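The compositional bias 'Basic and acidic residues' annotation in TrEMBL covers B:504-517. What TrEMBL lists as region 'Disordered' is B:473-517. Taken from TrEMBL, the feature transmembrane segment applies to B:26-43, B:55-75, B:82-100, B:112-132, B:144-163, B:175-199, B:220-237, B:243-260, B:267-288, B:354-374, B:386-408, B:420-439.
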Amino acid sequence: MNTTLRRLASVVMVMFLALMVSTTWIQFFHADELNTDSRNVRAIYAEYGRARGPIVVGGEAVALSKPVDDEFGYQREYTNGKLYSPLTGFFSLANGTSRIENTENDYLNGQADALWVDRLQNLLTGRDPEGSSVELTVDPKAQQAAWDALGDQRGAVVALDPETGAILALVSKPSFDPNDLASHSTKEAGEAYTELLNDDSKPLNSRATNWTYPPGSTFKLITTAAALESGDYEPDTVIDAPSTYTLTGTQTQVGNFAGTSCASAGEMSLADALRISCNTAYLGLAGELGADAMNEQSEKFGFGKPFSVPFRTDASRYDNDPGAMNTAQVELSGIGQGSVIATPLQVAMVSAAIANGGEVMQPYSVDTVRDPQLEVVRETSPTSVGRAVSEETANQLTDMMKSVVESGSGTAAQISGVEVAGKTGTAQWGDTSKTDPHVWFTGFAPADDPQVAVAVVVESGGDLGGQATGGSVSAPIAKAVMEAVLNG
Amino acid sequence: MSAAVETPAERTVEPTERRPARLAELFLLILALAAGITAFAMVGRSVTGELPGDFWPVSLLLTGIGVAAHVVLRLRAPWADQVILPAVVLLNGLGLAMILRLELADTKGAAAWSQMMYTALGAGIAILLVWFLRDHRWIRRLTYTAMLVGLGLVVLPLLPVIGREINGARIWVNIAGFSLQPAEFAKIAFAIFFAGYLVTNRDTLALAGKKVLGLQLPRIRDLGPIIIVWAASLAVLVFERDLGTSLLFFGLFVAMLYLATERFSWVLIGLVLFGAGALVAASVFPHVGARMDVWLHPFDNELYNAVGGSFQIVQGTFALAAGGLFGTGWGEGYPYLVPYAFSDFIYSSLGEELGLTGLLAILLTYLLIVQRGLRTAIAVRDGFGKLLAGGLAFVMALQLFVVVGGITRIIPLTGLTMPFMAQGGSSLLANWIVIALLLRISDNARRPSALPMRGMVAQGGAMHDPIVVGAHDGATPGTGVPVRRPAADAPSRGSTPSHPTEAISRHPDPPTGGEHL
């Protein structure tokens, strides 16, 4: 009987092998599919019952999970919801997740592959699994300064560290409070979401990263860059600056701001044209440079593609309406009107690139991810997107931007004791007889050792409406943000 | 030549008369208890944030059971396998921890303390069995009693008043408020009956009959017993609506028939008969067919939402998937979302919290017990012992296969329980009895015996009086001292010419190795 016993032992081995294979099949190979089955409430319980890691700004949690006595066990709370929601996004049982809560979900809930050692430790010690904390690059003072300075006006503020691309401030108004969406009552959260969705001011959309505006005169930086890079222009090259400019092939006459003439001689240096933001000079300049050069230069600054910061931003576009690109449109693009659209983030990136010697840095908002034992799990290292302009061009642009703040259209951005470089913008949109222009300011400081680059847009002139200019409304906001960063 | 005479003596495995200290068992037992007690503490900490209320009594009781069993084995079955007891204590402890965890999470029906009591009762019966049953061959005289008891137990759930149908399967009886699953005990009775019956009739079943296509077919009249068991199994399937129990009995019988007769034709006949029977049952009886549908298409929304549909197995699969590779950790998952997470589906509960790693460890622990049981069967000398040990080991493997295979959808889901882990008194008592029998048989298998062993010289000499001619290496013939080859420590003292080392080095036909040291 020993032969048959040995054979039976082999049969037993096969039976156990079958069980191991079937168990592995479910637990390993099919797990993802099963975990996402809509009938698996476990996934929801697990996600919402976990001690989710906090989102940290300047050492303080701006989003955290607090133990509560309900069926899930934890409630997500946002300490300053409206201020930080353009970054944090929301974490909602009824409506899903967005922004950092979405892109960093695997780290926040502790399920990222990189955290397997922690999970193994939790398994062995029986410790409650905890999510990792996500630390943002945001400077809380700059964020607050931007929020306060923007006041009740609609618009956005973006501040970057020009050297690294780290986002120092990201404000969008009107904003929403993610606490309203985090309610465990599906009904409450659902109603809050519907209300935000139907709000005409679109508070759910971040104006800083997912909203495009005509960049107006801030785009003259790119036109100037294209001119300097072409090799045919220097800052002191004299260009035509007529009182009005008739767009090629049309009857449309475009004048300068408030109908003034740029120079009595009808011509001026490129540097002066930027300093006083002379429209007619730039219309002609863009026509001279041509669509290809303009497009290429804007793409080098980051136009044409979305960024992951790590949540996805909208792409800015030089030729948003490619079919309509005629000479007149190219001329208009020179002053950031017509087919040009840009996000405030992109405009800030233009200033940051100039401040950084011409190199464009990938913008990012997550600095480090730490596990519950505060060990660094992931750290973002600054990466270059590419070079927009040569170092020489960057220096020339910096000098020109300095004069804008010193004696040009952006004097309101001056900070005592600090050299500030900048550019204003007043962008018309829609039916100009019925709308007030969006007003811009972008720049960086200190000009010789840049610490912060900003872009500010205030929709429809903000509180001043039709009287507003980039210099009067947006420059002071930019100043406040830059000061907050520089004064640390 | 002296060498030719000496060889048998040299190569004989010397049975030690000294009782093994069972230190390996003690060491493994400590590990098993540590795993179980740590798990009790962890589930409490996870679920309520403190040690569970029953922590100390449960821990001490489990330790007491382990130690008592160990001591009794030392005294009454010192040669018994040393791995089986720790493995069982480990499984029982982990099962208790999961039931405790579910009870702490207010899962309706989970009762850790009662499971602890049944564990104590089961282990107590096992200890008494090892103590009083000195020789497993005594059981052989119960062969036909066991058959009657077995059949009686199978029929019990069908009886009015005491029979109970739970979740569609009529495999329960309720006596004086206690629920019992008689099939758990019936499997032991059947194993005893089959062993006794087959050891007597194996030659007839094996040798009579024609040979067709290389298969030795049995005679028609010898088919009687297999037909009866087949019919009984199908009756269980149809009337008690339980594929698992039916498969368990029939599989046990076919396996033991094969063990006894060494004829593969029996296995083939058995499989064909059962397969055909099950297919007919599935097409004729709607409830069997419904189970098949659930098995084949569990994720179908209609079946998922149907009463008695696939909700449970789908949720169990979700639980397993949620566990992934490493599990959520004790007390961190949602095993209670699955109906009967503490009994029928304890496998998915363990899978959710301990992960694939934990389940593979648990499966390997079961495999260890089963393989030790089969090894016992190979080692034991009497045919009845071989069949009984082989049958009991196999029935445990088969039960696990039916349970886990049901949950992981290798076969349709059944109402059997996972031995030692699932909540249920009958299962615990019955499986502890199985373990007691296996330990008793393994003790008898390894106990030094006056009977000749394979490779031993039968008469007179090898064991106590090695036949040595010529006294070439200094051993005195006839003194009862076994021939000892010098150990590694010898050469340093090897200056005397008469020392064995020299004798060996001069040996014309060097021995093959220190087999007998």
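Cβ atoms are placed via backbone N, Cα and C, with glycine included.
The stretches the transmembrane segment (B:354-374) and the transmembrane segment (B:55-75) do not meet in space: the count of Cβ pairs below 8 angstroms, excluding pairs fewer than 6 apart in sequence, stays at fewer than three. Note: the stretches the transmembrane segment (B:55-75) and the transmembrane segment (B:112-132) are in contact (3+ CB pairs below 8 A, sequence gap of 6 or more).
Distant neighbours of the transmembrane segment (B:82-100): 20, 22, 24-25, 28-29, 31-33, 35-37, 39-40, 42-44, 52, 54, 58, 62, 65-66, 69-70, 73, 110-112, 115-116, 119, 330, 335, 342, 346, 349-350, 353, 362, 365-366, 368-369, 372-373, 418-423, 428, 431-432, 435, 438-439, 442; these residues of the same chain sit at least 6 beyond its ends, with a Cβ under 8 Å from one of its Cβ atoms. Contact between the transmembrane segment (B:112-132) and the transmembrane segment (B:267-288) does not hold: fewer than three of their C-beta pairs are under 8 Å, each pair 6 or more apart in sequence.
Among B:144-163, B:243-260, B:267-288, B:243-260 has the largest number of CB pairs under 8 A with the transmembrane segment (B:386-408). Highlighted: of the candidate stretches B:26-43, B:144-163, B:175-199, B:420-439, B:175-199 has the greatest count of Cβ pairs under 8 Å to the transmembrane segment (B:243-260). When Cβ-Cβ distances below 8 Å are used as the criterion, the transmembrane segment (B:420-439) is approached by residues 73, 77, 80-81, 84-85, 88, 91-92, 94-95, 98-99, 109-111, 114-115, 118-119, 121-123, 125-127, 129-130, 133, 136, 139, 178-182, 184-185, 187-188, 342-344, 346-347, 350, 362, 369, 372-373, 376, 388-389, 392-393, 395-396, 403 of the same chain, each at least six residues removed from its ends.
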